[in-house]
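Please read the structure below before turning to the comments.
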Amino acid sequence: MSSKLSQAMGLGAGGMIGGRVALKLDPQALRRLCAGRRVALVTGTNGKTTTTLMLARAVDELGLVASNHGGANMPDGLVTALSQDPDADFAVLEVDEGYFPAVAQVVEPEVVLLLNLSRDQLDRVGEVHTIERSLRKVLTDLPNCTVVANCDDVLVTSAAWDAKRVAWVATGTGWHHDSASCPRCGSPIRHDQGSWHCTSCDLGRPKPHWGVDRGDLVSSQGERIELGLRLPGKFNQANAVMATAGAAAFGAPVAESVRRVRSVTDVAGRYRTVSRTGHTARLLLSKNPAGWTETLTMLQGGDHAVVVAVNAKEADGRDLSWLWDVPFEQLRGRTVIAAGERATDLSVRLTYAEVRHTVVPDTLKAIDAAPQGAVEVIANYTAFRDLNAKAANAQ
Amino acid sequence: MRSDSTVQIALVLPDLLGTYGDFGNAVVLQKRLAWRGIPAEIVPINFGQAVPESCDIYVVGGGEDTAQTLAVKHLQDNPGLQHAVRRGATVLGVCAGIQLFGDHFTRADGVTRPGLGLIDSTSHAGPNRAIGEVLAKPLGGLFDGVLTGFENHQGRTTLGPAARPLAQVTVGTGNDGKVEGAVQGKIVCTYLHGPVLPRNPQLADLLIEWATGTKPAPLDLPILDQLRAERVKAAQRTTDASSRG
């Protein structure tokens, strides 16, 4: 009822209100709702929603799964998802990295997926090294938990280093701009030939159990399975292997997990295609410098028009300094339209990147203004959410 | 400026002090020089590398407490920046920059660390984190127009007699709620991100003038005026909202 109310009032996607009420009524709700279930938590800066959906699909093989598919990843969102599926034996939950320590202590998960850590909304979430230290503390103390961790990410490796049981995954993806210094001792980190190590203490890239190699998953048993994902980009291959390794920790067979992970196409509207006014627009969500960099890399080689939409509401982070951490120079030579509430900031960034562009603040109108045919639309959080809602209404 | 006439812009420890997009300041300087026909290049100096003393402009960004401590140690062990300052090089220090250029700074955990002593100032952790849009009025006729930026810092800074403030705060916190930044010789420090130079082309051109010895020709980029107008309005809205609240 209250979820419908939330949707009717336009307060969001309807994932939050029910949970907020339940938590107020019963502070132990999360603990009680997880008791007796086998729980996996997915956290990290980027890829949480996609990987959670992939893991939930794979674990479906083993039994009923409760999951917060919409990306409502704070405690009240978790309570909502869990109350909707009281009979599910499994819970696969995306958790905001800031809330993760508190949530993990309460639910004592059997599996944790730690995807990656990089700067994100510094004015709201805080600095990434602080996040790493809080994750490290709780992961070290968790009993009976398998941590599936990306060993190509220095901060993730440090956070999982002292955990009781770790499945290391070589994802081939990692943002190095926040890991020049060792998170444990402060000495320089040296990166060479896909590996890395601290120049002073013993922190270094562990030998991976799982990996991605030219589009194939390589399992801990040495099996190679072609991923054949319908979602684009190397980043999603990394997410798929993390999800498969997580499902394996629950006992799911690898080949079956990959088959199920492959079926994921639309993740809460992301990667979805919208047709309007002679345009086929693909909607891509990017929330922080590492995410934007992955998305721009994925678009390289193409020549479709690109609409870039940026807002700076509370949920996006009010500070747009991060625009300068994103290599927009890669868009040179393409048709580019700057959109969103902060189209002017974006236009200044593109001007200094020497990317020719026009400015059309309304994102739907920006799509209409592009040459007919395929259009890539990259948007940050609320710009993406608003566009998805508007595109749905317009169709 | 060097005899080969390429202006060298040193980006100091971007891997430690690049947390808030301050790399953009180096891009702005480089492009504003290049667009006027003056060749310029960005020279990144990473953690673990020696610091050259021959660059024309040094740009230092913001970073976390730990990164800042590491940066000071690295710059003490490799004193190229200090030698360049003695030679009269132009320097922009942002956020952590203002703290690590001072005599000392006291971190949030109470530990006091020596700074580089390039600016007559001391810094300490304030009672709360100052986060939000800032407006400040430039002092001493350095440049025209209001200074705009986004601040996100715990530090508070007190200037000694050899340093003078960059601007007087009208919205936000800056050094202490009253003044913002510091100027000493050809060193400019500020707490402002945004980054600061895309928001304030007048400040960028002042640094270019100091580095090249010539006042640069005007650049006509209306989008910059539009950005400044939008940000000034947004900052004024935040004060209106807080005085109501």
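Using N, Cα and C of the backbone, Cβ positions are placed for all residues, glycine too.
Keep in mind the model is a prediction, meaning the values are calculated, not measured.
The domain 'CobB/CobQ-like glutamine amidotransferase' annotation in TrEMBL covers B:8-200.
DSSP gives B:Cys95 (active site, nucleophile) a coil state; it is part of no helix or strand. According to TrEMBL, the active site, nucleophile annotation covers B:Cys95.
For B:Arg129 (substrate binding site), the count of additional Cβ atoms within 10 Å of its Cβ stands at 16 [all protein chains shown]. In the three-state DSSP scheme, B:Arg129 (substrate binding site) falls into the strand class. If you look up TrEMBL, you'll see B:Arg129 marked as substrate binding site.
According to TrEMBL, the feature active site maps to B:His193. Mapped onto three states, the DSSP output places B:His193 (active site) in strand. On its own chain, B:His193 (active site) has B:Tyr20, B:Gly21, B:Asp22, B:Gly62, B:Val94, B:Cys95, B:Gly149, B:Phe150, B:Glu151, B:Asn152 as residues at least 6 apart in sequence with a Cβ closer than 8 Å to its own Cβ.
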Taken over the domain 'CobB/CobQ-like glutamine amidotransferase' (B:8-200), the model's mean pLDDT: 93
Sites among the recorded positions B:Cys95, B:Arg129, B:His193 close to chain A [C-beta, under 8 Å]: B:His193
Other CB atoms, at most 10 A from the CB of B:Cys95 (active site, nucleophile): 27
